[in-house]
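Annotated features, as they stand in Swiss-Prot:
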type    : residues                          : note
BINDING : 121, 125, 126, 127, 354, 355, 356 : (6S)-5,6,7,8-tetrahydrofolate binding site
SITE    : 228                               : site 'Plays an important role in substrate specificity'
MOD_RES : 229                               : N6-(pyridoxal phosphate)lysine
């Protein structure tokens with residue numbers, strides 16, 4: 001049924017209700033999931049624009065459909081801005097997600113059965129870094145390095161595994177590591193075995209763009225990322241690379257027609273405006289505050305006798321190990337959720353429980369920083385988290401924290417300009 005004047009509210013009240021309730025949840029819950037953020041009204045607007053109607057297989061100036069002259073402008077803006085923002089020589093803005101960006105980069109760099117050396121999932125890696133349940137572990141032979149006893153990446157182990165297995169690709173990147181990656185050291189390990197060096201900066205892309213976290217873009221052969229998380233754009237992917245005409249051609253072919261058809265032009269336009277937002281001076285201030293808030297929270301939890309993997313944080317997240325607390329990550333996540341504090345359970349080094357239960361929590365500060373929280377609020381929030389974890393079955397404590405969290409959220413609305 002096509003009726004231009006009929007709203008979702010009047011046509012599909014069930015769906016409208018779910019969206020309304022999710023809007024309310026985002027306003028009244030404290031978001032501490034490290035991979036989540038709040039996009040700007042501009043990003044929201046573009047994702048609902050008429051660009052969603054246009055098929056545009058191919059690349060700007062080389063399309064398989066007519067009528068692409070205006071979406072070409074949008075995509076070229078996204079490409080040019082991505083290259084400028086990250087100091088890249090090449091950018092492909094068509095990947096639908098970070099996972100797809102990884103799959104496409106692998107396709108350009110490896111053949112099925114080749115060896116991939118990446119971080120172990122239980123030490124902070126990602127499913128697409130060679131987990132046996134992922135395409136990356138099914139199509140390629142995955143070998144994994146982890147963290148050392150000090151909670152840092154075990155570069156010596158990575159170098160030893162590289163010499164032993166001679167991987168085609170060495171990947172540096174993470175989903176739950178709170179330190180700074182030594183990109184150059186990985187470059188040297190890759191060069192020692194004539195491997196491609198690939199980086200996945202999905203979690204820290206916004207920090208890299210702002211210049212508050214080291215950039216691997218001109219060190220690695222290929223860099224992938226999501227465009228949400230710390231970058232605060234739409235949920236999608238991006239591939240970057242330093243100059244290499246042959247590799248650029250293979251990357252383009254891996255994206256289209258290798259694994260995707262028509263690009264999502266409304267999402268690409270949203271990427272373009274998000275990249276422009278990230279170029280503003282205010283974005284660097286935002287990224288710096290993310291780091292300050294994460295450090296403030298981690299310090300409070302350490303003072304309250306909680307174990308922080310790697311001993312602290314140098315980015316936007318930190319991992320709390322509950323191995324010595326007789327609390328599972330699942331229990332902790334649920335208890336905090338009842339207090340309107342959203343976190344995610346996470347595996348930790350030395351994990352003894354299943355990935356569905358876990359012994360840890362991952363905590364991140366991009367979303368609360370977007371709301372306007374600073375160190376004062378971040379520290380206060382960390383104390384509330386500890387209050388609940390200290391007495392996890394005490395519903396009175398949970399109810400008290402829920403009220404405090406509700407009041408705090410009321411002082412820092414997410415989308416006040418849309419009300």
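Any Cβ shown, glycine's included, is placed from N, Cα and C.
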Between any two of 121, 125, 126, 127, 354, 355, 356, the residues recorded as binding (6S)-5,6,7,8-tetrahydrofolate, what is the biggest Cα to Cα distance in Å?
16
Nearest-integer angstrom distance between the alpha carbons (Cα) of residue 355 ((6S)-5,6,7,8-tetrahydrofolate binding site) and the residue listed as 'N6-(pyridoxal phosphate)lysine':
22
In whole Å, how far does the CA atom of residue 229 (N6-(pyridoxal phosphate)lysine) lie from that of residue 356 ((6S)-5,6,7,8-tetrahydrofolate binding site)?
23
Cβ neighbours within the same chain of residue 126 ((6S)-5,6,7,8-tetrahydrofolate binding site) - under 8 Å, at least six residues apart:
119, 173, 174, 175, 200, 202
When neighbour density is defined as the number of other C-beta atoms within 10 angstroms of a residue's C-beta, which of the recorded positions 228, 229 has the lowest density?
228
For residue 127 ((6S)-5,6,7,8-tetrahydrofolate binding site): intrachain residues, at least 6 apart, with Cβ closer than 8 Å:
99, 121, 133, 134, 136
Under a three-state reading of DSSP, tell me whether residue 356 ((6S)-5,6,7,8-tetrahydrofolate binding site) is helix, strand or coil.
coil
